[in-house]
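Report on the structure given below.
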Amino acid sequence: MDKGRAAKVCHHADCQQLHHRGPLNLCEICDSKFHNTTHYDGHVRFDLPPQGSVLARNVSTRSCPPRTSPAGDLEEEDEGYTNGKGDRKSAGLKISKKKARRRHTDDPSKECFTLKFDLNVDIETEIVPAMKKKSLGEVLLPVFERKGIALGKVDIYLDQSNTPLSLTFEAYRFGGHYLRVKAKPGDEGKVEQGVKDSKSLSLPALRPSGAGTPVLERVDPQSRRESSLDILAPGRRRKNMSEFLGDTSIPGQESPAPSSCSLPVGSSVGSSGSSESWKNRAASRFSGFFSSSPSTGAFGREVDKMEQLESKLHAYSLFGLPRMPRRLRFDHDSWEEEEDDEEEEDNSGLRLEDSWRELIDGHEKLTRRQCHQQEAVWELLHTEVSYIRKLRVITNLFLCCLLNLQESGLLCEVEAERLFSNIPELARLHRGLWSSVMVPVLEKARRTRALLQPSDFLKGFKMFGSLFKPYIRYCMEEEGCMEYMRSLLRDNDLFRAYVTWAEKHQQCQRLKLSDMLAKPHQRLTKYPLLLKSVLRKTDEPRAKEAIITMISSVERFIHHVNTCMRQRQERQRLAGVVSRIDAYEVVEGSNDEVDKFLKEFLHLDLTAPMPGTSPEETRQLLLEGSLRMKEGKDSKMDVYCFLFTDLLLVTKAVKKAERTKVIRPPLLVDKIVCRELRDPGSFLLIHLNEFHSAVGAYTFQASSQALCRSWVDTLYNAQNQLQQLRAQLLCAQEHPGTQHLQSLEEEEDEQEEEGEESGTSAASSPTILRKSSNSLDSEHCASDGSTETLAMVVVEPGETLSSPEFDRGPFSSQSDEASLSNTTSSITPTSELLPLGPVDGRSCSMDSAYGTLSPTSLQDFAAPHPVVEPVPVPQTLSPQPSPRLRRRTPVQLLPRLPHLLKSKSEASLLQLLSGTTTSVSPPAPSRSLSELCLITMAPGVRTQSSLQEGGPGWNCPGACGPCQGPPLSESENRPSHKAGGPADSARRKCREMPCGTVPRVQPEPSPGISAQHRKLTLAQLYRIRTTLLLNSTLTASEV
């Protein structure tokens, strides 16, 4: 090969490898022979100018011949001369003064256009010269022939246009633009097949280098740096681009080789590393030509990023998934050496037999129930292995590839932690659980060839709460991760291409990324189901106790996670409401000075904790809507109200009704008395202060009666819910050991004995009390015969209602206290009933129905009765457990009497129940109910000692008739309850709780028939009396 007659030069990596890592210079004959072979036909070559040429140096030549004469169309003189062999000589140079001349004003970025192939096959982007005096078809024909595309089967589109271009247009007009190539309708298959056939004929064999290492990666850095400098150095000088790219006026360029008409961005031969290296060098070479157009440069960079991403992903498919980037392996000193060992250890540790029968000898002799138990245990193990492998797919495929792409400058805008949360931490968690808990169970079975014991899992599942704490964060961020992923798939083309490639990987098993991100939540909720399946098929008591303990631990943690998620959602909803409230304009100042001091306090923080409740509880928005409000005698105004758990906000819309401002002070729910009005759809709210005095009255008008009913009911529910939250906080402060959620560390202490673990699941949360619709007004309380389900407090034997005192309820006015007994349970035994007056214990409707309402009774209904102040309970008393709230119906069957009572009169019944037939004078046939109550409880005036012996009972001062003697004075009543501390506590709570929200006291009845006789309730007496009256009436009618 004679370099003196060289006419072509090739800078391709393969050609440089043949020429000692330097450009390959060839004559025309050698070039045609060499580059027509299969492996080298796609190389880009450039023409070498002959000696003494007036042309500028070629972009890829290492030297330039000396100038023979000054050229007028060039901008600057050359700085040296070369000999015929291309060697530079720097001796004897003269520095001549440059002659001023007109600068070149052509835009280099307009002399090429980018050709993008919008086909279903991967074809590299081409940069094609926009030649003058040549049509678009003539310029594109060599490119399409090399790609195997028929020019007549495709359409060319300009940028984002949908109108095909004519191939007769002049190519020069499209310089600096972006052209898209799409197959014509009906010819897609033929075009794709032609491209594939062309690729199969021109694809070279991969070099047998170690592990597919690219050719250029083995070149020493110094040589690569010199080669890149050789390419870039000529490009820094301005040249006549039209002559350089092949204008017809240039001699020797009339019949250029077809491959010299286009400049491919990347080579299609060689390995992926060689392709990427050539692509980067080509992009660097042409960056100087297109730098003057910012928009074109940005678009070119976007296209280049997509090509880089496709090249990277293709390399991952060919040579395997990459490792985690080094900067993230801060926990290892020599991560490169340890990673392979760690991966092999994980693979060996996850080894599992095909069936549990391979572990056990003599499985044919097992009973059917034992086989079912082993299958349930095996399902727990097998699903754990499958889940760990799913997590590894997320970390090794999705996350690791994303981080490596970001190391290469791709997808840097994607936040990996926001997309995957703490999934790597979950993967480490489950690998630890598998190796420390489940592998020992398998190894024991493999060693002993015995059955898999479910109790062996207790060590790990007893610590479930502390071990699985990372799940709290993931479950709370899962929804955000899903939303972030959907937004990226919608807006980011590079991310969409990356996810599509990853989802098609064989490790994904046709699962989507969204399905993979939902696996942790699904696995957490599946543990109780798997353990319960094992429990149902286990007969050994000790094993069942251990499994119940594990189920309890898992369910407590899941309940805790649900609570955290619910509170987070409530906080987000509350933040949305706060953003809609614009200002707090409740008080107006009289002058500027007052406004200055007032401004500091004109704010309302709805995100602050609710007073009197646990800080963990979040204020909830229960109801919102538009109402018409009237305050005093003012005219009605349109308002927008927000009802929260503890307060009611009255606001008014501003401007476009998108935001509101607070116009009235917040109304505390526990200081509100609600009453419905006669006007349909209207209700009244009376705001009380700390002294239980009215400070404001607001009338609200809803658009319909149903909406008014909804506001009233929701307000009652808010009051009940708030009171319950405060009761829970006070009970938690006095009895912290009885809370539903105790500290996970205390419950899951490794040193605690298995026998001390509770075998039951966590108690369900108490039902929220709801005020009955029949108790909206104190004058219209529910009768004893109501069959609706009511919430009540059940007190175990020996327990008392010693929970902290409640504040006086919003509905507890003096008129409401008179009807307090009507809301108590009708099945409460007499010995534990709260103290009520005779009028309170009487049904007005019942007395009037049978004509037994005496004038004295009417006076009793109208006259208020003094309330006996209870004696404070001594502080030395031991704290009592908090009551449990249950739902029970207020209907109970009557206790069986020892002897059948047939046609007994009311007087005989009273004598039988009291047991004093001789000491009491025969009563009148139509005795009032209050007298019946007193005769049943005591035949005469009760002394202090009798009250102490009888324990807590009914206290009926002022209701005795003339024949029973004078009523007990207040001084006589007080000593009688000194020993009855629990009863006093219950009475105090009854008076302090609002009407309709008082829990029902339901102690366990004492055994024995005599106890049943002594503890007949007043409601039972009502029913007995009613039955006897009906029997007597029917008997009289028959006679």
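The count begins at 1 with the first shown residue.
Cβ from N, Cα, C; glycine included.
Among the features that Swiss-Prot reports, compositional bias 'Basic and acidic residues' is placed at 185-199 (among others). Outside the compositional bias 'Basic and acidic residues' (185-199) by six or more residues, the chain places 119-121, 123, 146-150, 153-154, 268 with a CB less than 8 A from a CB of the stretch.
The compositional bias 'Basic and acidic residues' feature in Swiss-Prot is assigned to 217-228 (among others).
Swiss-Prot lists 259-277 with the feature compositional bias 'Low complexity'.
As annotated by Swiss-Prot, compositional bias 'Acidic residues' applies to 744-757.
Marked as compositional bias 'Polar residues' by Swiss-Prot: 758-776 (among others).
Taken from Swiss-Prot, the feature compositional bias 'Polar residues' covers 811-831 (among others).
Swiss-Prot lists 372-564 with the feature domain 'DH', giving sequence analysis as the kind of evidence.
Residues or ranges marked as domain 'PH' by Swiss-Prot: 620-720. Secondary structure of the domain 'PH' (620-720) per DSSP (helix as H, G, I; strand as E, B; remaining residues coil): 19 helix, 53 strand, 29 coil.
What Swiss-Prot lists as phosphothreonine is T760 (among others).
Residues or ranges marked as phosphoserine in Swiss-Prot: S765 (among others).
The phosphothreonine annotation in Swiss-Prot covers T876 (among others).
Under the heading phosphoserine, Swiss-Prot lists S878 (among others).
Marked as phosphoserine by Swiss-Prot: S903 (among others).
Summarising the annotation, Swiss-Prot assigns phosphoserine to S908 (among others) and lists similarity to another entry as the type of evidence.
For 58-105 (among others), the entry in Swiss-Prot reads region 'Disordered'.
Annotation comment: Swiss-Prot describes 185-277 (among others) as region 'Disordered'.
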Key: pLDDT averaged over the residues of the domain 'DH' (372-564)   = 92
Ask   = What is the number of residues in the compositional bias 'Basic and acidic residues' (185-199) that are helix, strand and coil, as DSSP sees it?
value = 12 helix, 0 strand, 3 coil
